[in-house]
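Notes follow the structure.
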Amino acid sequence: MSSAVVHGDDLDMEPTLQSVLNQNTLRWIFVGGKGGVGKTTTSCSLAIQLAKVRKSVLLISTDPAHNLSDAFGQKFGKEARLIDGYSNLSAMEIDPNGSIQDLLATGDGQGEDPMAGLGMGNMMQDLAFSIPGVDEAMSFAEVLKQVKSLSYEVIVFDTAPTGHTLRFLQFPTVLEKALAKLSQLSTQFGPMLNSILGARGGLPGGQNMDELLQKMESLRETISEVNTQFKNPDMTTFVCVCIAEFLSLYETERMIQELTSYNIDTHSIVVNQLLFPKEGSDCEQCTARRKMQKKYLDQIEELYEDFNVVRMPMLVEEVRGKEKLEKFSEMLVTPYVPPQ
């Protein structure tokens, strides 16, 4: 089981995310879980709380479904943009496919594929897409570009559903394999390509294949450095989001085991959509569902006694817009007390 970070003499893990806010050395915070359990709402709310205690916060969606724009009622794209009503909270949504196109281009500002004139653009793109997990790797390549050019004290990831997230965290290996393949191709075809490119004026910016590979190697080194930070519990943590149902609990356990195998810290679980029927309620469905939820909540308490387990209620309306998100975010730091 994953190790929890216990602060001070407090052996009873409080049912909030206050420990995440208090840990001011954190630079990377991932929020993830099974699809449909409220990851985006939780990540947006956590980012709002972080903005109260940190100088600058960046919220990034790596989920192809991109729900940040819907959550805040504001359009976000691949460039970081301040969220309306905040001076230190920005958001962006990454398009993995667009990132691949950017990587294959040389960055001359025109967005043109330098291989297109050789009839090799599609081949290189097919090669990139054929590498398992390359969309997650490209997402992170885009993230690195933003991180190196902009300065944020803490970055919150609204991640894709579990499988994508776990692959996303393995991206250094994926990139190294891709670089090995490109190096092999360069050895075989580099001289020929350089001579052809020379006859055609070379790559945009006067680069050759060797320079392109050097850039890729530089990117790999940067990614290796970030990967080291990911495995440092002082700098990185993963907040699991689930609901009190069998499949979600099973997925959460699998995810925590994998995170532990990657040496990535996780000590917080947010359980969403909990029912708290009033005493004497004649709603049979509510009572039956609460009974089922309680069974899985008890299992969560038993399995993760060294975790901060946050219980969030099922709400009567969608959590969309700044005001509702701020109200929801308060329950992440102040335990919800159901009405009697």
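All residue numbers here begin at 1 and follow the chain in the order shown.
Cβ from N, Cα, C; glycine included.
These figures come from a predicted structure and were not determined experimentally.
Summarising the annotation, Swiss-Prot assigns ATP binding site to K34, G35, G36, V37, G38, K39, T40, T41, E245, N272. Marked as active site by Swiss-Prot on the basis of sequence analysis: D63. Sequence annotations record features per position, and here Swiss-Prot assigns Zn(2+) binding site to C283, C286 based on sequence analysis.
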### Task
Rank the binding-site residues G36, G38 by the number of other Cβ atoms within 10 Å of each Cβ and report the first-ranked residue.
G38
## Note on the structure
Per DSSP (helix/strand/coil reduction), G36 (ATP binding site) sits in coil
### Query
Any idea what the Cα distance is from G36 (ATP binding site) over to C283 (Zn(2+) binding site), rounded to a whole Å?
25
### Summary
If you rank the binding-site residues C283, C286 by how many other Cβ atoms lie within 10 Å of their Cβ, the lowest count goes to C283
## Note on the structure
Expressed in Å to no decimal places, the gap between the Cα atoms of D63 (active site) and T40 (ATP binding site) is 9
### Task
Compile a sequence-ordered list of residues in the same chain as E245 (ATP binding site), six or more apart from it, whose Cβ lies below 8 A from its Cβ; state 'none' when nothing qualifies.
M292, Q293, Y296
### Query
Closest to C283 (Zn(2+) binding site): which of the binding-site residues K34, G38, T40, going by Cα position?
G38
### Task
Give me the Cα-Cα distance between K34 (ATP binding site) and C286 (Zn(2+) binding site), rounded to a whole Å.
23
### Task
Measuring CB to CB from T40 (ATP binding site), give everything in the same chain under 8 Å that is also at least six residues away in sequence.
S61, D63, N67, L68, A71, D158
## Note on the structure
The rounded CA-CA distance in Å from C286 (Zn(2+) binding site) to G38 (ATP binding site) is 20
